[in-house]
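One structure below.
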Amino acid sequence: MSEPHLLIDAGNSRIKWALADARRTLVDTGAFGHTRDGGADPDWSRLPRPRGAWISNVAGADVAARIDALLDARWPGLPRTTIRSRPAQCGVTNGYTTPEQLGSDRWAGLIGAHAAFPGEHLLIATFGTATTLEALRADGCFTGGLIAPGWALMMRALGTHTAQLPTLTTDIASGLLAGAQAEPFQVDTPRSLSAGCLYAQAGLIERAWRDLVAAWQAPVRLVLAGGAADDVARALTIAHTRHDTLILSGLALIAADAADPATAPD
């Protein structure tokens, strides 16, 4: 059996990892913080030595150094590749005017989505520090995207830049809305802020989806991913699919393609 690939997705909030076997199946997964203060280091002691590490990092140089130190401590000299967006890869064509400007996480997610839902037009909504939307045609052409503040960032901005509004986390906001009435309008300030920012997320998604369906004159599957996906999903009135491993799955495809280009999807 060939050695597995170690996949690392370093986002703006945390670092996720997975081990992918020869069939590109994610056989082991985990997550850890940007710093040791953000939680324990990953426990890789029981993992076999991988063939190499494939990394998407949008979190900066300090996080890159942390990942390198962890890899060197467990597997000295392990080959590693930090991916960059390309004009085309693994069946996906990058529609950005300057392809390398597209975040590596979004690029890997597009590759993962194209493989997960073959032959379908997709709108991919990912909820992190930022909310990102990607329009992906069934033929693998990424036609463009949108970037907006995420749910947490919206609430933090209101709390920080106003005198009387509270600063709420997504955990607090989710708890406040868990028992909320069906009526969307709330009767206290914390719930009004929580629901207003949540509806802003849902409204963005639904408007983008409807515009895409109208532009393409074809069905479009809405795919949700990211930490706030469950909360936003409750506010949506359109059908959607949840998929939380698009980036790691895309990294697995990129790694497999590099190891054996003949295995890459068309």
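Glycine is no exception: its Cβ is also placed from the backbone N, Cα and C atoms.
Keep in mind it's a predicted model, so treat the numbers as computed, not measured.
Swiss-Prot lists Asp9, Ala10, Gly11, Asn12, Ser13, Arg14, Ile15, Lys16 as ATP-binding residues, and of the candidates Thr98, Thr126, Thr129, Thr131 the one it assigns to that same site is Thr129. Nearest in space to Thr189 (substrate binding site), taking C-alpha to C-alpha distance over the binding-site residues Asp9, Gly11, Ser13, Thr129, is Thr129. For the ATP site, whose binding residues are given in the record as Asp9, Ala10, Gly11, Asn12, Ser13, Arg14, Ile15, Lys16, Thr129, the maximum C-alpha distance rounds to 15 Å.
Ile15 (ATP binding site) sits 14 Å from Ser104 (substrate binding site), taking the Cα positions as reference. When the binding-site residues Gly11, Ser13, Thr129 are ranked by how far their Cα is from the Cα of Asp105 (active site, proton acceptor), Gly11 comes first.
Cα-Cα distance from Gly103 (substrate binding site) to Gly11 (ATP binding site): 10 Å (rounded to the nearest whole number). Reported as a whole number, the C-alpha separation between Ser13 (ATP binding site) and Tyr96 (substrate binding site) equals 25 Å.
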